[in-house]
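For reference, TrEMBL has these:
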TRANSMEM  6-26  transmembrane segment
TRANSMEM  47-67  transmembrane segment
TRANSMEM  73-99  transmembrane segment
TRANSMEM  120-140  transmembrane segment
TRANSMEM  160-180  transmembrane segment
TRANSMEM  226-245  transmembrane segment
TRANSMEM  266-291  transmembrane segment
TRANSMEM  313-333  transmembrane segment
TRANSMEM  354-373  transmembrane segment
TRANSMEM  379-401  transmembrane segment
TRANSMEM  408-429  transmembrane segment
TRANSMEM  449-469  transmembrane segment
REGION    492-515  region 'Disordered'
Amino acid sequence: MSLASVTYGLSIATIVLFGIIALILARRRQRVKKDDTEFFLTARKSVPLRTIAWSFYAQGVGAWVIFSMPAYVVSAGIVGLVAYSVSCGLPILIVARVGAVLHRKYPGVLSLGDFVQWRYGTIPTILVTLVMLLNMSIGLCAEYTSIGNLMEFVIGAPRLPIILCVAIVTSIYTAAGGLYVSILTDVAQGAFGIGLLAVMAVYVAVTYRPESLPTPLPEGLGPNYWGWAAVAAMPISMTCATLFSEGPWQRIWASADDRALKHGSIMGAAALVVVCFLYGFGGFLAIWAGFPQSSQDGSTAFFDLLGAGSETAPSWITILAALSTVTMNEGCVDSLQNGIVDTLASRFFRGKSVWYPRILVFLINIPIVFVSLKGYDIIILFLIGNLICTICAVPLLLGLVDRFEGYITGWSFITGVLSGFLSIVVFGYVKVGDWYEGLRYTFVLAYDWPSFVLPLIFSAIGVAIAAFAEGSIRKALGLAYPIPLAFVPQSHGDGKIPEEQSVSSGDVESDVRGYDQKQEIFQETSAVRGQ
């Protein structure tokens, strides 16, 4: 049998095996307790420390790591690799910290969009929802593209069957078990993937014997402009992208307690940094040694390393690498699917049957699979999403500051986003000298540090200017600020209202009694802020 046939068969068997395990876990869960829509989406306070640590790791590491990390080394070198690797884990710690604050203040939220609706109103909520959907769809497309690249460029087989297999299997068990089952499978997928990586690391240590290593490092691999630019660009871009991805937020809701969240996020982030660095460093070693490159952009350099200077690697180690890639891909894909469904369901199907989000799991995959067949550059896909998230990050985070409640409103949010976008447009024009080419440079060609630093600065300036202008107008006209009064969760499909509710720093009328009255105030306040 050919390498392609064996690899394809074992890869599909691995995918299906994890799918069967997930379905068994889902079946056992349903026998114990029927999940309502809220638990299906959030698995609220149900996951202990070690399990949530594995889940933080598995949702962040996907097949993209094996291709993107070596490809980034080609231009950014060793400095860029270190910055990229650290930036893969750092956002987990930051978002976990922010999420812990958000969870304590507003324990009834189902998604980040819930908080934005309460804090800023309808229009910012629509914007944030669209950004999150775009960001996660790009991530899902990158995963399908990566697993397709594995089969087409490394194994020499068609990409469509493996993409369909991953999409269908993950959709089935995600629809059956929701977030809780996805988190449980993360443990097995994460452990299996790390085990295979350990075997490959030993193999490389034994077989890596290049004839010579050029010293000093070539310009592309040594410290250079793009490497130092990554020190600023990568932490900002990855943190903002993580902020607008529902996967980490879901794991915040799912953590059993603050201790599980704190220590689990640290353990998951540390594992992410190490694994991402090892895959990228493997590509670095292959390029440094001058091994034959199977791709011009360096995306398959890790697999070239396994060849130890030969045009092809031994079949057995290639199969192990493929199985590791498939395993990481499946764990990341089901997390992204759950995140997209949570975002859609919490906004459009709240209070409805759990079957609505289950059907959504299947539907969302159709257009994303189609786009992934185009084989777009994975790093460029992430660049587009990361820049858009960076533009929106500061206005969103300012909404968590209590002293700004009522002063920074929905209009301040929108103004901040627009000013952040304009800063990128102006920077691109100044850099290139043409409006169109400037946008192409910033959004398609380069991870340049001003593209990520400037939006943070100017979005904050835009929020401040808008807040000052709105404050002046309100003072002149004698208009009160629309201070958020109370966050009141809605029912989650079982007809019940959660007992946990939170009240913001705004003044709440002492004679407000009952859910109906609070809900009316919440709706009126949101309308004032968002219209």
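Using N, Cα and C of the backbone, Cβ positions are placed for all residues, glycine too.
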Given 47-67, 120-140, 354-373, the one sharing the most C-beta pairs under 8 Å with the transmembrane segment (160-180) is 354-373
CB contact flag for the transmembrane segment (379-401) and the transmembrane segment (266-291), at least three pairs under 8 A | no
Same-chain residues at least 6 beyond the ends of the transmembrane segment (73-99) with a Cβ under 8 Å from one of its Cβ atoms are 56, 60-61, 65, 217, 220-224, 226-231, 233-235, 237-239, 241-243, 248-249, 252, 261-262, 265-266, 268-273, 276-277, 280-281, 283-284, 287, 297-298, 301, 397, 400, 447
Determine which residues of the chain contact the transmembrane segment (120-140) at the Cβ level, with the cut-off under 8 Å and only residues 6 or more beyond its ends counted.
-> 62, 64, 112-113, 241, 244-247, 332-333, 336-337, 339-340, 343-344, 347, 364-365, 368, 381-382, 384-385, 388-389, 392, 395-396, 399, 409-410, 413-414, 417, 526-531
Taking contact to mean three or more C-beta pairs under 8 angstroms, with sequence separation of 6 or more, is the transmembrane segment (47-67) in contact with the transmembrane segment (313-333)?
-> yes
Look at every Cβ pair spanning the transmembrane segment (6-26) and the transmembrane segment (313-333), keep those 6 or more apart in sequence, and say whether at least 3 of them are under 8 Å.
-> yes
